[in-house]
Amino acid sequence: MMDDAIRSIHAMEILDSRGNPTLAVQLELADGSAVVSRVPSGASTGAHEAVELRDHDKARYGGKGVLKAIDHVNTIIAPALKGMSATDQVAIDQRMIEMDGDPQKARLGANAILSVSLAVAAAGAHSRRQPLYRYLGGLNAALLPVPLLNVLNGGAHADNNVDIQEFMLVPVGASTFREAMQMAQETYQALKSLLQAKGLRTAVGDEGGFAPDLESNREALDLLVEAMEKAHVKPGEDMVLALDVAATELKKDDGYQFEGQLLTGMQLIDYYQLLVRDYPIISIEDGLSEDDWDHWQLLTDRLGDRIQLVGDDLFVTNPERIARGIDEASANAVLIKPNQIGTVTETLEAIRLARSAGWNAVVSHRSGETEDTMIADLAVGVNGGQIKTGAPARGERIAKYNRLLTIEQSDSALTYAGWEAFRR
Ligand SMILES: O=C(O)[C@@H](CO)OP(=O)(O)O
Ligand SMILES: [Mg+2]
């Protein structure tokens, strides 16, 4: 047996940051080295995402168990991959895709497949004695990503009257990743004291952002600009803002339920245009719903030369949907979540495709996360330039930021992407 041959794969149940069960995989190579991978889980999931397999035993965790997925790894996937080389990522992923046979990976489960795919990548890097980002990106990996830090929450991620799901700080003007995190942390703390001074709630949502009861989306944006100023961070220069509207969650009949009114797609686009005029917004994710291709095209036509328009639910990290988006000029960037598609190979393909059209690729966490830091390495490895992984709070989000801080301080060949990340 070669040193990097897979000796064993073992899946087990662990908890995600919401306390719901997810799975971890321990993979051992012939040389005795072992790695662990852990799979995240979304709340505002897109209908076109690959299928996350959960069992329906309501007695266990309200039906959110993952016993089926675990069983599929241990009894179907593990025996099939035993003996294969961990550096054969493409062949292994292909094998799992074929064994599943369903376009949305509904048979074995995308979470089952991803847990193994991630472990194989980690093991491949280990056997080559390279950090994961270097293994994934080779010499091409040169950039530390700009963090998009979700510090204010609404929508499906919070229990308040704000419709936009995520308001993110983007410290583009920093000169290092470390400085970017410091700037974000100081603004986050300034925001907290502003909320306290106004008698507003400072409890945090799933991703560590605050979820105060505000009157409007504009009130949230005003607060963020005020927080920057309080932290001596210059809006529009040191730091800009990004939004994830998660508009699929707002879809109602033919329109969008937004700030107490039913708006048409066109009215929503007009609204974004005014927001972009009034605030230092650099990026809007999921401004429209997952099947509203026509309005996506109109939005991109209207704002695409000024800001980044990111498809999350629209593309679900799926190369086929991204190809359609490129064809129809539906957006100019794609959100990359490995668990939306289920394998490392397809994730890399999605990024390559986006890049070939001159689009940006934003590597992202899920709202239900674990301490796994693979996405930090992925963002560096593919020179993504941007990573979205929550507030500078909560251990599972900090784990990714800490991984990036560690990478920055241990590899002098890398530089902070800064404004460069948004140039197309
Ligand atoms: O909508 C999103 O972009 C994500 C992550 O912030 O949320 P979820 O994982 O719930 O889909
Ligand atoms: Mg999103």
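Quick reminder: no glycine exception, Cβ is built from N, Cα and C everywhere.
TrEMBL: automatically predicted annotations, no manual curation.
Taken verbatim from TrEMBL:
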{"type": "ACT_SITE", "residues": "GLU207", "note": "active site, proton donor"}
{"type": "ACT_SITE", "residues": "LYS337", "note": "active site, proton acceptor"}
{"type": "BINDING", "residues": "GLN165, LYS337, ARG366, SER367, LYS388", "note": "(2R)-2-phosphoglycerate binding site"}
{"type": "BINDING", "residues": "ASP244, GLU285, ASP312", "note": "Mg(2+) binding site"}
{"type": "DOMAIN", "residues": "6-136", "note": "domain 'Enolase N-terminal'"}
{"type": "DOMAIN", "residues": "141-424", "note": "domain 'Enolase C-terminal TIM barrel'"}
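All features noted in TrEMBL, drawn onto the structure.
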{"residue": "GLN165", "record": "(2R)-2-phosphoglycerate binding site", "DSSP (3 states)": "coil"}
{"residue": "GLU207", "record": "active site, proton donor", "DSSP (3 states)": "coil"}
{"residue": "ASP244", "record": "Mg(2+) binding site", "DSSP (3 states)": "strand"}
{"residue": "GLU285", "record": "Mg(2+) binding site", "DSSP (3 states)": "strand"}
{"residue": "ASP312", "record": "Mg(2+) binding site", "DSSP (3 states)": "coil"}
{"residue": "LYS337", "record": "active site, proton acceptor", "DSSP (3 states)": "coil"}
{"residue": "ARG366", "record": "(2R)-2-phosphoglycerate binding site", "DSSP (3 states)": "coil"}
{"residue": "LYS388", "record": "(2R)-2-phosphoglycerate binding site", "DSSP (3 states)": "strand"}
Quick one: pull the CA-CA distance for LYS337 (active site, proton acceptor) versus ARG366 ((2R)-2-phosphoglycerate binding site), whole Å only.
7
Measuring C-alpha to C-alpha, could you say which of the binding-site residues GLN165, ASP244, ASP312, SER367 are within 10 Å of GLU207 (active site, proton donor)?
SER367
Which residues, same chain and not among GLN165, LYS337, ARG366, SER367, LYS388, have a CB within 8 angstroms of the centroid of the CB atoms at the recorded (2R)-2-phosphoglycerate site?
GLY42, SER44, GLU166, GLU207, ASP244, ASP312, LEU335, SER364, HIS365
Show, in sequence order, which residues other than ASP244, GLU285, ASP312 on the same chain lie with their Cβ within 8 Å of the centre of the Cβ atoms of the Mg(2+) site.
GLN165, GLU166, LEU243, VAL245, ALA246, ILE284, ASP286, VAL310, GLY311, ASP313, LEU335, SER364, LYS388
Of GLU207, GLU285, ASP312, LYS337, the recorded positions listed, which put a C-beta under 6 Å from ligand 2? Please answer none if none do.
GLU285, ASP312
For the binding-site residues ARG366, LYS388, the largest set of other C-beta atoms within 10 Å encircles the C-beta of LYS388
Near ARG366 ((2R)-2-phosphoglycerate binding site), meaning Cα within 10 Å, which of ASP244, GLU285, ASP312 (binding-site residues)?
none
Can you give the mean pLDDT for the domain 'Enolase C-terminal TIM barrel' (141-424), rounded to a whole number?
96
